[in-house]
């Protein structure tokens with residue numbers, strides 16, 4: 001059995017910083033609030049909850065005694081209106097919005113002021129997109145996953161930072177084909193970490209007989225890695241933890257490739273490697 005692990009695994013830098021901030025804050029406090037699910041990973045959420053982190057998903061979840069408490073804004077970011085309200089309800093608000101997301105918001109804002117209508121390739125209900133909508137002029141904004149005809153002629157095209165590079169390129173080609181823009185700007189706003197993980201997944205899946213994509217089942221970037229891998233390696237499995245390996249048939253001849261989503265902790269990867277090492281030993 002051969003085991004190959006992608007070079008880029010574990011949390012991305014934005015998630016890691018937010019996770020560290022939560023853990024450090026809990027050293028001095030017995031509880032801390034997080035606005036929105038920190039990461040799309042059940043194991044991480046359970047770990048933080050047991051340590052004293054409390055997730056709130058909206059203003060209705062804020063307790064009456066919150067004025068003495070600290071709240072952390074996750075890496076996806078939120079709307080300006082939400083942030084202003086939270087600052088009135090909590091004594092301390094720590095904004096951990098990923099810099100890449102912040103840069104996208106600022107760029108869209110600037111270009112709208114320059115007269116551009118903005119088309120965003122992304123999921124309308126994704127937390128990052130909801131935050132973007134709440135910080136820019138929605139009347140000059142379209143969020144879509146499908147190429148559509150647009151009456152505006154001066155257009156900026158950008159992407160949600162966690163979308164697939166190849167899918168974004170296909171979207172651009174299609175939307176340019178069905179529209180006649182007089183002025184169009186195209187900006188690559190996909191996170192470089194996302195692109196590098198995609199490339200590693202592509203390479204590993206082409207030389208593996210079995211691929212393990214480790215990450216939350218509701219994680220957008222993990223689902224994307226799974227789709228890429230499945231194209232080239234039919235025996236691709238999307239798993240959340242090492243416990244699921246018991247359901248997968250592994251042979252001594254397998255060449256196993258392992259990749260992780262950006263919201264997957266290294267601890268979960270280590271459990272998977274531990275299980276596979278034991279399997280390898282049992283085969284020999």
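Keep in mind that glycine also has a Cβ here, set from the backbone N, Cα and C atoms.
The [4Fe-4S] cluster binding site annotation in Swiss-Prot covers 12, 98, 191. Applying an 8 A CB threshold to same-chain residues 6+ apart, the list for residue 98 ([4Fe-4S] cluster binding site) reads 14, 75, 76, 77, 161, 191. Taken residue by residue with DSSP, residue 98 ([4Fe-4S] cluster binding site) is part of neither helix nor strand, so it is coil.
Cβ neighbour count for residue 263 ((2E)-4-hydroxy-3-methylbut-2-enyl diphosphate binding site): 26 (other Cβ atoms within 10 Å of its Cβ, all protein chains included). Here Swiss-Prot flags 40, 76, 126, 161, 219, 220, 221, 263 as (2E)-4-hydroxy-3-methylbut-2-enyl diphosphate binding site, drawing on sequence analysis.
Look at Swiss-Prot and you will find 40, 76, 126, 219, 220, 221, 263 tagged as isopentenyl diphosphate binding site, backed by sequence analysis. Taken residue by residue with DSSP, residue 76 ((2E)-4-hydroxy-3-methylbut-2-enyl diphosphate binding site) is part of neither helix nor strand, so it is coil.
For residue 221 ((2E)-4-hydroxy-3-methylbut-2-enyl diphosphate binding site), other Cβ atoms within 10 Å of its Cβ number 25. Taken from Swiss-Prot, the feature dimethylallyl diphosphate binding site applies to 40, 76, 126, 219, 220, 221, 263, supported by sequence analysis.
Among the features that Swiss-Prot reports, active site, proton donor is placed at 128. According to DSSP, residue 128 (active site, proton donor) is assigned to a helical segment.
Our reading of the dimethylallyl diphosphate binding annotation (40, 76, 126, 219, 220, 221, 263) yields a largest Cα to Cα distance of 15 angstrom. Ranking the binding-site residues 40, 126, 219, 263 by Cα distance from residue 12 ([4Fe-4S] cluster binding site) puts 263 first.
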